[in-house]
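Contents: one structure, followed by commentary.
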Ligand SMILES: NC(=O)c1ccc[n+]([C@@H]2O[C@H](COP(=O)([O-])OP(=O)(O)OC[C@H]3O[C@@H](n4cnc5c(N)ncnc54)[C@H](O)[C@@H]3O)[C@@H](O)[C@H]2O)c1
Ligand SMILES: CC(C)[C@H](C(=O)O)[C@@H](O)C(=O)O
Ligand SMILES: [Mg+2]
């Protein structure tokens, strides 16, 4: 039996996770999966209940689970509470406590959504790139950090720090994954200015010696941000640090039509993982039943592939998503003329039905 922990979180989190669970139930039925589901509070919801965005009981359940399906956390309600208690800090602690250093963010443009992409069809059609973001190091975690008084004013500071071993292990993940794709890795850095990424470039170049079939290139992050909208199909796998990966993946989302289309897997050394959409809690649309659940549903597909090693189930979920897009169903964020606007729940139910039908 596989134990999956559901962490719905805040804002649209519970709405989208509910639809992914609906799809999971359909997968269970069709494939005869033996799965036990548990749920726990995280983020602002957990702070409201327990005064902590990552209560010990939630962390214990996360450690015990085979995989975690996560919604999203955060919102204005918690933006001004004590810093260490904020929802985002809970998510960072969860990633770090579980050693989830490898964050895979695939940006794929479904042909059905060509009109929804921010880019012209000829620039973006057939797009399939994978951003490999280091997730437990860099400026997100470096010490010292804080806000201090200095010469009569406040000064904010953070530290960008990566050890060679942290750089090497994420580079290896990128090379391995590229080997299953088109054998191309672009390492994104700011080596012309920042020492930490000067070392990153050197270590990634050295790690590449073990992967003679992989074509490695390097790009400064400012250029990469530009190239992603100029000619995104030049990329296959992009490997980069925590902050650059966060920013570039939201940018890449718009090539696929919406941030609501970008799933992710956060994996440890053993491919145990946490699966979540790349987007946040979307306070502006929470509670309206209009959020796109497909990123979360495709995160479930990644869970099947990586943690449960059920590539067949993952493929079937992806195929079910394609089927509903073929039927012309669209949530508001990917709606274009001539298609049918549906709610979060209608979209989830349609994917579950398509999956059940096979
Ligand atoms: N992993 C996470 O849980 C995560 C990720 C990003 C941001 N956040 C948090 O979420 C909160 C809001 O952040 P933000 O507004 O900068 O980013 P966001 O991703 O929540 O929203 C940005 C925009 O995208 C839209 N959007 C996001 N997901 C969507 C979906 N599934 N369907 C349709 N539209 C969608 C929103 O309506 C909004 O207009 C903040 O507290 C932030 O810290 C959490
Ligand atoms: C909420 C925040 C901590 C998180 C991050 O920056 O990693 C989010 O933006 C993401 O992309 O998952
Ligand atoms: Mg982000």
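Backbone N, Cα and C atoms are what each Cβ position is placed from, and that goes for glycine too.
Automated prediction, rather than curation, is the source of TrEMBL annotations.
Residues or ranges marked as NAD(+) binding site by TrEMBL: 75-88, 280-292. Taken from TrEMBL, the feature substrate binding site covers 95, 105, 133, 222. The annotation Mg(2+) binding site is assigned in TrEMBL to 222, 246, 250. For 3-351, the entry in TrEMBL reads domain 'Isopropylmalate dehydrogenase-like'. Taken from TrEMBL, the feature site 'Important for catalysis' applies to 140, 190.
Close contacts with ligand 1, defined as a Cβ under 6 Å from any of its atoms, occur at 75, 282 among the binding-site residues 75, 79, 83, 105, 250, 282. Residue 83 (NAD(+) binding site) has 250 as its nearest neighbour among the binding-site residues 105, 222, 250, going by CA to CA distance. Taking a Cβ cut-off of under 6 Å from any atom of ligand 3, the recorded positions 79, 83, 105, 140, 246 reduce to 246.
Taking a Cβ cut-off of under 6 Å from any atom of ligand 2, none of the recorded positions 95, 140, 222, 250, 286, 290 qualifies. Here the binding-site residues are 95, 105, and the one ringed by the most other CB atoms within 10 angstroms is 105. You'll find the Cα of residue 133 (substrate binding site) roughly 21 Å from the Cα of residue 87 (NAD(+) binding site). Shown in sequence order, 259, 262, 278, 279 are the residues of the chain, 6+ apart in sequence, with a C-beta less than 8 angstroms from the C-beta of residue 250 (Mg(2+) binding site).
Cα distances from residue 282 (NAD(+) binding site) to the recorded positions 95, 105, 190, 222, 246 are smallest for 246.
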